[in-house]
């Protein structure tokens, strides 16, 4: 671009503007009439002894140096603004300080918009404290009185960095300052309410929300959305929904985002009926459900196990001309896998790809894992092959899923090959990968190779977590290596890891199998005093029952059974078989166990554990030990209370004939 400037000597001076690294422009001035060069073109640096001798001076300095010689052209405040804008865009804060110093020396006027540019630059560079510091210097160092615009800019920078308590401190300091006299506007309130909700100060956020009319500030749709979201995350859904009515009374009309916040909260709680009513309300208010609305509802249906309704909603989504995305399909596929319907998930994957969507690694991982768990290993391997052919690059999660699936299928050697391929392609195995291989080796009788994988983990600096220790302890106890398992147990405790129910049960099983029942009971009693994930389950109780019955300690086993019932743990088929065998072999005269099981059913009914009682009834029918008429009456009565009459009848017929 060429600019022509007229001077007092009527000379035509042409300014050639070409791109520059610092300013997006360089100014080189030439006189066409007098061949006067006002600014020299920076020479290219020449090499001497492979070193650069000179560097061109900063363009900013060149411009300020030659500007007085340019006639009517003068450096104005807009020039400084453009310089700051350019430096801010590349995060050159040192250059910004130099420009600010020059402006102070020349007594230029500092405009607030200049500082807002710098605040945003500090935000992009993740320097919130620098933004706060500059805000505090505005009035004193640069004689620029900050307004609510500057305040909001800095407050947003701090909140975007997740420094919510710092934001609250900054807000209180500025708003409480009489010298600054800054009155917060609706954006200020929205930001501070967001910060309060993020740190769980929802009640305080409500107080601030109620203060807004007093400060002559009307809440907008974003204010309501932010507060609703905070209430939903605190599980205060009724209050959140009531805000929907309040905002409409106040003349603030909700949008799709407002409804989506409430629908998401209700779906997470499992209140799908209210969520569906909100969708109907959306239509009445002229808000058409968008992809977020549908995805939220689908996720809620999948969490509740209502997969058929989720698929129906997917079809409705398509009929409403809302395009399902990867999240939509991924949500339903993951839900199907959790319901042990991985084959249906594979069919949905085909439909997804026919619509032009490509599943990501996590969808494939969920589907492949589900197929392996359901015994569909060939289908899982087929999907793996198709995935790689479509160009989906496996990551650590996908490789680990395949390794785990192959190990579950007893194909440990193939899993080891995938493990080697994984490392060759730069995917670093994690604790889950190693745990799967160790479990696979133990299950196939190769405990020595499992120990080698454990040592390799240590050599590769892969963190050995609770799961790894649990797998190793379980495998060693299963191989009868109680001494080695005890050493690993002590090592686990010394590193601060808390054994879970599986680890405890493995050690108890190891002690009981070695005849050390008292030590097993000691660990069992220790479990009862631990956190919820270490509480004994039915497997743990069955291990102790079996050991006590083998020692003919039937009374002790029955006492422990009562403890089991009192702690809310229901017996299963294994429990029944243990006691039935003991009553037949260790009691004189032998008993068939009918009275024992009948009494067990009554105890469960007394505790209103209808499902547990029904399981024992099922065992009695399978063993041809029909319960008493009074027991039948009691169970049927409890089932009727639960309003599951038809389901119970169907289940009964199914159990009898299938």
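Sequential numbering from 1, following the chain as shown.
Backbone N, Cα and C atoms are what each Cβ position is placed from, and that goes for glycine too.
Those TrEMBL annotations? Automatic predictions, nothing curated.
Distant neighbours of the repeat 'PPR' (185-219): 148, 151-152, 155-156, 159, 162, 164-165, 167-168, 171, 226-227, 229-231, 233-234, 236, 247, 250, 252; these residues of the same chain sit at least 6 beyond its ends, with a Cβ under 8 Å from one of its Cβ atoms. Annotation comment: TrEMBL describes 185-219 (among others) as repeat 'PPR'.
Per TrEMBL, the feature repeat 'PPR' maps to 220-254 (among others). Counting same-chain residues at least six beyond the ends of the repeat 'PPR' (220-254), those with a Cβ under 8 angstroms from any Cβ of the stretch are 186, 189-190, 193-194, 196-198, 200, 202, 205-206, 209, 212, 261-262, 264-266, 268-269, 271, 274, 278, 285, 287.
Model confidence over the repeat 'PPR' (255-289) is summarised by a mean pLDDT of 83. If you look up TrEMBL, you'll see 255-289 (among others) marked as repeat 'PPR'.
Residues annotated as repeat 'PPR' in TrEMBL: 290-324 (among others). Mapped onto DSSP classes, the repeat 'PPR' (290-324) shows 26 helix, 0 strand, 9 coil.
Under 8 Å from some Cβ of the repeat 'PPR' (325-359) lie the Cβ atoms of residues 291, 294-295, 298-299, 301-303, 305, 307, 310-311, 314, 317, 366-367, 369-371, 373-374, 376, 379, 383, 387, 390, 392, all in the same chain and six or more residues away from its ends. Under the heading repeat 'PPR', TrEMBL lists 325-359 (among others).
If one looks beyond the repeat 'PPR' (360-394) by at least 6 residues along the same chain, the residues whose Cβ comes under 8 Å of a Cβ in the stretch are 326, 329-330, 333-334, 336-338, 340, 342-343, 345-346, 349, 353, 401-402, 404-406, 408-409, 411, 422, 425, 427. What TrEMBL records for 360-394 (among others) is repeat 'PPR'.
When Cβ-Cβ distances below 8 Å are used as the criterion, the repeat 'PPR' (395-429) is approached by residues 361-362, 364-365, 368-369, 371-373, 377, 380, 384, 387, 436-437, 439-441, 443-444, 446, 460, 462 of the same chain, each at least six residues removed from its ends. Summarising the annotation, TrEMBL assigns repeat 'PPR' to 395-429 (among others).
The repeat 'PPR' annotation in TrEMBL covers 430-464 (among others).
Per TrEMBL, the feature repeat 'PPR' maps to 465-499 (among others). When Cβ-Cβ distances below 8 Å are used as the criterion, the repeat 'PPR' (465-499) is approached by residues 431-432, 434-435, 438-439, 441-442, 447, 450-451, 454, 457, 506-507, 509-511, 513-514, 516, 530-531, 533-534 of the same chain, each at least six residues removed from its ends.
Here TrEMBL flags 500-534 (among others) as repeat 'PPR'.
Residues or ranges marked as repeat 'PPR' by TrEMBL: 537-571 (among others).
Here the repeat 'PPR' (537-571) has Cβ contacts under 8 Å with residues 501, 504-505, 508-509, 512, 517, 520-521, 524, 527-528, 578-579, 581-583, 586-587, 600, 603-604, 607, 609, 611-612, 615-616 of the same chain, all six or more residues outside its ends. For the repeat 'PPR' (360-394), the number of residues in each DSSP class (helix H, G, I; strand E, B; coil) is 26 helix, 0 strand, 9 coil. Non-local neighbours of the repeat 'PPR' (255-289) in the same chain are 221, 224-225, 228-229, 231-233, 235, 237, 240-241, 244, 247, 296-297, 299-301, 303-304, 306, 320, 322; each lies 6+ residues outside the stretch with a CB under 8 Å from one of its CB atoms. Here the repeat 'PPR' (430-464) is broken down by DSSP into helix, strand and coil counts: 26 helix, 0 strand, 9 coil.
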